């Protein structure tokens, strides 16, 4: 279903008319201006892009509303282009509708303009004249919205095929879609604008007779609606009630109809609600939702007025049911202060042409919707619906569609939702009254004694009941929320508690929602005692709430608050009616549905009272004779706490008792669970007002100021403190001296290691990361051990026992351990000190104290606590003003009998403290502060959530977004962000469906679709950045988003990299495909070698094939030596084993996918190594092997293994084609390459399907070219091997001479001396040979062959096979003649291996001549046909490739640019230092000519780079800079970088170059 409706009317003997209707999100005047002014810059550029140099102009007719427009139209293929000349005029209708009409210019009559146009046609005689007539109708719908109707009838002129006519029609109607896309805005905003200008509906008596008849027919639904037996339905909104009634049709039990009813209060006026409901039928958002549901059509048929229109809707039903068609007329009117809308089905005889054959069943829907004013800016909406789905429809389907049909009321409620405002108005009176009483007490100096003086004794009575709980024992229970502690009260008949709550049938219910509590939250669940009148459960909950005391009391008193209902405590409240008595008391009726279906009803009286200036209570008690199924008594106490900064704090304590008689075995358990859910109201209150970040921020800010003052004052440390710090520093040195192994941390941005000391069973742990904060801020976070964010699920007790000074404190922590172990406690002395050179060290050392004796039982029965030790040191070092390096070393001792092996397993989670600090600081950053580093960190945070949500991606995403300020701001701007990220992180493969919607207009469903597209794009590419680039270009909204927030692209790329590594379709798929083809090729080669050795006369071929395989491995070993020669024998041997096993291509692919970092001593990155490995394989094995096998096949041999030989040739060709295509494809799709060298990289289009076709074409081009060249080479070898050798040598020599003459012989790899000459010679020969036989498109680059050399080589490659055929057969004929003349039959230059044997074709000239005499025509014909066929297919593949690539890159195939010019262009033409810096990564000879400029650039920029630390400014790059280029202030750091490189090489034990080679590099 498209947002633009298009129609086509074609009848025999009549002209074809077309029509398009669309809604445009701008004013009618703007649309008119865009259509009328043909020669705007924007439209001229579009014309040039589509039609090139075809004419385009307009001529104004003076003193009238007319003009002439002339425009050329480019048609596809060989069809002649068209030229249209039109006369346009316009007028304005009475209803402000603008009409633009056009006709062929001949209709204008005689005039100078017409004569001028005639001259244009004469000067463009090659163009065929087309004609068009039609009109635009631009009707305003609101100030910034209009509807455009375009009707046209045209003729292309001449002889035009049907497909061209169809194409022209689409082009003509596409102007409406262009307008819509150009001015598209957010649908919800557009609907809101139209609501504001919605006219008042007519009164009922102002309707005409037809309208009144329809209204009367619909309002029959209202008769007896209140007396019907309705079945309650689950509503999508807690504030909207829904019911239904399902009825079988009389006389036909297989068909049915249903009645539905919905009712709710909407936070807007009746007129606004009516306008929005009309939008729900015909508005932008309604159209979008209909498209997302998959509805085939939604059409406006007629619109008499905004209050009288007809619509046609096709509703999608699940297969195999037919879709349903609904046609209805909507009429709205005013009556007796209310607004009413009715919808009546159109007659069954009404037919609608949808432009396609729709197999549907007609349904009928009758609606009565009443809007009644209900207070200030509110209205009550009641919807009655009669639904007849038509046909034979299963009951479950009909019933399932009723809630969807009634959801319009819930949609209205969501659109106008003002919950905070409504709740605020409800609470404001109570809050103000409580505050006034508190102010009176505060002014009179009232104390904290409890002095309750009220006319009603409800509050004292409830307080007395719960005071009895103070002497009751309790037992702590587990709870899913670690911030919640449960207690089970031992209530029984003997202690009198049951009697107290039974005396007045007391009970009170309090509704609290949510699941998160502060660190001080305590929930007490109760035990129960059965009595004849029911079962009693009693419990309590407490928390610290970040709100004033009066606000907490008002929140607790506002029982019917909407936000409390939406928070959802799991208790399934189905009703809440409040009847206020005065500002202090109210009667509350509530009903709750238990999981088993049991309904609990309560009627309670609620009252609040100010006890003192610091305490307010709210009491709830069961109302007598209420006839309810349950009783409830509750007391909520609010006590003021000291404020933290501007945040006021309140202690909340809720005590709750519930009595109910639940039948069944699980009744008691159900009541206890219900009590726990009701107690969770305290958690909901805390969560609703939570300001933990601000509370912690106030204390952190104070600590930062304290730390700075402390550091400036040069405070003296005691001897004991100095000893602790000194001892802590030795732990880092001890760890460095141990043999360690890396540990996988949850975040890849944190590095972790574990080490063991001989004789010590306990492990040492080390972790480090970079934190985006200053050292003082990091220290403040570490030092504030009582901060809320430092609370952990296993913290039972955490207290500061002693605080000697600002840098010394004694901290006690008690931890809960798994049930099989005793709990542990820690008593640690923590001291921090400023470090030399900046930064700080924080040392934690175990300590003993008489106040905290070790290894003893706690107050709780059976709780034995073991003293554990946790020595640690944290080094906080500044990197720059906003970044800090954090290092952490620990050596924990769990104490007791916990095996060290188990304790060491927890070492990784203890090291995770570094990650927690890093992530917490990241949470505090705002969206305006984000950069690429933040994007990377957020990507890892989303990919690797904490243990709490690791198995629930949707919960993890929502939680991470909520925790991070910046992401929360983004989700407020774009509410679909969470849904989008959920789909990305799921990593599922889906069919790629590009979404063209603008960013502003993106819906959640479209965002999910875009998110689902990403994994597929990643799977199609080898690297995440290439996949993200393709995905971004396919979805323009993401391009807009990344331009607005560049850090988001880094975040998505980071997620993509991790998905590629971890997803089943990612890393292993790449490894299998990367190594699989090479392994198959190797296997088929080995099999052919076996066949050759098994046949007489073919053994020589087997030895040659084996030599090629060994040569391939030998050169790959050379690459391994060059790449890893400075990394030690161990690394070298491992890499050599990978080569010998044949897994080298797969391992290289794995490294590219996993984004393996380039070591400082590596000669090339992973991608370059992969390309070089593939090139060597093609040069040594695939290409010569293919030539040899074709040679052997043409020459002859046993036919028994023919299929094996042919299969090996085909596999070699395909493998080579895949390798060749992959090299070119991967380099061109690499975003980094496109950014650095946009003039060379970028020929692949952004469309994924087109890219796939081009990749296939590249594979076919290389594979077929290899076959073609192999046949030619084999034929030349059979004719005379010397010819082939002379041709190949001459071709390569000419190429090398050309490189020498142009000063371009040395390769760009940064090597010098004889090594550079040898490697350059080998590289030039290898690349030349590979290009000749495979046409690798990447090698056309100036750094390799160069465009002109590549083009010449391809031309020679295509000509060579045609020359080889006559040479071969000419040689045979000559040999035949010599043999016939009695020649001696000397051997020619052909290969000869073990002649003789059955079934082997002879190879002498005489025997070849005899064979040629026997079947020369057939043999020649076979070779010629094979060459012709392969040449034709190869030419077709390359032609398709050229036609699909971006046109501007075609010139690179014959470019004359040299490698020197290419390397120098990085510096001379590069934008930014990150591009210019690449010049030093190349062979110095390539940029020697601009060395002074490079030196000047380095000298000027070095100081700034040291300060800013760009990503490319690595030790590896620094070591390439000559020392005399570096300014004096940077020499120290430069020397350090060089020494680190030398030390690394010496430590690893250089195999190839030794430790000093880096000085030369």
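Residue 1 is the first one shown; counting continues down the chain.
Glycine is no exception: its Cβ is also placed from the backbone N, Cα and C atoms.
Per TrEMBL, the range carrying the annotation transmembrane segment out of 1229-1252, 1253-1276, 1277-1300 is 1253-1276. For the ranges 1100-1122, 1123-1145, 1146-1168, the feature annotated in TrEMBL as transmembrane segment maps to 1100-1122. Looking at 1307-1327, 1370-1390, 1391-1411, 1454-1474, the range tied to transmembrane segment in TrEMBL is 1307-1327. Between the stretches 1194-1215, 1348-1369, 1480-1501, TrEMBL puts its transmembrane segment entry on 1348-1369. Nonlocal intrachain contacts for the transmembrane segment (1253-1276), taken as residues 6+ away from its ends with a CB within less than 8 angstroms of a stretch CB, comprise 1182-1183, 1186-1187, 1189-1191, 1194, 1209, 1212-1214, 1216-1218, 1220-1221, 1224-1225, 1244-1245, 1283-1284, 1287, 1332-1337, 1357-1358, 1360-1365, 1367-1368, 1423, 1426-1427, 1430-1431, 1433-1434, 1437-1438, 1440-1441, 1444-1445. Non-local neighbours of the transmembrane segment (1307-1327) in the same chain are 1163-1164, 1175-1176, 1179, 1292, 1295-1296, 1299, 1339, 1343-1345, 1459, 1463, 1481-1486, 1520, 1560-1561; each lies 6+ residues outside the stretch with a CB under 8 Å from one of its CB atoms. Same-chain residues lying 6+ beyond the ends of the transmembrane segment (1100-1122) with a Cβ under 8 Å from its Cβ atoms: 1082, 1085-1086, 1088-1093, 1132, 1135-1136, 1139-1140, 1144, 1163, 1169, 1172-1173, 1176-1177, 1179-1181, 1184-1185, 1188-1189, 1192, 1391, 1393-1394, 1551-1552. Mean pLDDT of the predicted structure over the domain 'START' (783-907): 85.
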